[in-house]
Amino acid sequence: MSVSSNASSASNKDSVDSPSSTTNTDSSELTHILNRRQEIMESQEAGIEVRRTYKVVNVYTDFPEFSRNQIKDYQKTFNTYDTARDGFLDLQELKFMMEKLGAPQTHLGLKQMIAEVDEDNDGKISFREFLLIFRKAQAGELDSDSGLNQLARLTEVDVEQVGVSGAKNFFEAKIEQQLRTNKFHDEIRAEQEERRREEEERAQRRQQFQQRAAIFQ
């Protein structure tokens, strides 16, 4: 394995960051890739089983709400950031992904993102767990300002094509649209609540009138 060839491969990736930040990020990412691959090789040499890319699951049947094309797109995105090629996104890979999406997270924020979908508590995100992010987003189970929600929304566009600013504009437009929708629903609920109060008041006035009328009968 050649470090120079890996470095060349890493530098060929399109970048949406500034030259200086990209150099630092790529260098850190390359170091992480090499360290992770070294860990895998040492484990295999020591006779320790290394968990491979996929569990025995069928994501197409486990996630019927997504079409095959959607799942293939999610797989492509997952593979892009699974730089160690071990079938998981660890904290460093997730950090790199969020930076590329233009939504960098704190260390604690990244750990919280992983914990929210980490079914087997291994501290990493498998592809199945990655799909859980989009299931939760589709079901409205993610906080609008959470890291996972940002990940789900930002991956709806191709950041490599539109750039970080374009993706952020898309995400902000989505948020604004949702806020408008929520405001509309709030207004409807307020009107319904007002009508309910008016009906209760009318019913109460009728009852009071009937009670007073009964006194004079």
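Counting starts with 1 at the first residue shown.
Glycine is treated like the rest: Cβ placed from N, Cα and C.
What you are looking at is a predicted structure, and each value in this text was computed from that prediction instead of being measured.
According to Swiss-Prot, the protein carries these features:
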- Asp82, Asp86, Glu93: Ca(2+) 1 binding site (BINDING)
- Asp118, Asp120, Asp122, Lys124, Glu129: Ca(2+) 2 binding site (BINDING)
- 1-28: compositional bias 'Low complexity' (COMPBIAS)
- 191-204: compositional bias 'Basic and acidic residues' (COMPBIAS)
- 206-217: compositional bias 'Low complexity' (COMPBIAS)
- 69-104: domain 'EF-hand 1' (DOMAIN)
- 105-140: domain 'EF-hand 2' (DOMAIN)
- 1-29: region 'Disordered' (REGION)
- 191-217: region 'Disordered' (REGION)
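A map of Swiss-Prot features onto the structure.
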| residue | record | contacts (Cβ under 8 Å, 6+ apart) |
| --- | --- | --- |
| Asp82 | Ca(2+) 1 binding site | Phe88, Leu89, Glu93 |
| Asp118 | Ca(2+) 2 binding site | Lys124, Ile125, Glu129 |
| Asp120 | Ca(2+) 2 binding site | Ser126 |
| Asp122 | Ca(2+) 2 binding site | Phe88 |
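Cβ proximity to the Ca(2+) 2 site centre (mean Cβ of Asp118, Asp120, Asp122, Lys124, Glu129, cutoff 8 Å) flags the following additional same-chain residues: Phe88, Ile114, Val117, Glu119, Asn121, Gly123, Ile125, Ser126. Under the three-state DSSP scheme, Glu93 (Ca(2+) 1 binding site) falls in the helix class. Surrounding the centroid of the Cβ atoms of Asp82, Asp86, Glu93, where the record places Ca(2+) 1, the chain contributes additional residues within 8 Å, namely Arg36, Tyr81, Thr83, Ala84, Arg85, Gly87, Phe88, Leu89, Asp90, Lys124.
Comparing local CB density within 10 A for the binding-site residues Asp86, Glu93, Glu129, the maximum falls on Glu93. The average pLDDT computed for the domain 'EF-hand 1' (69-104) is 93.
Taking DSSP states H, G and I as helix and E and B as strand, the region 'Disordered' (191-217) has 25 helix, 0 strand, 2 coil.
Glu129 (Ca(2+) 2 binding site) falls within a helical segment according to DSSP. Asp118 (Ca(2+) 2 binding site) carries neither a helix nor a strand DSSP state and counts as coil.
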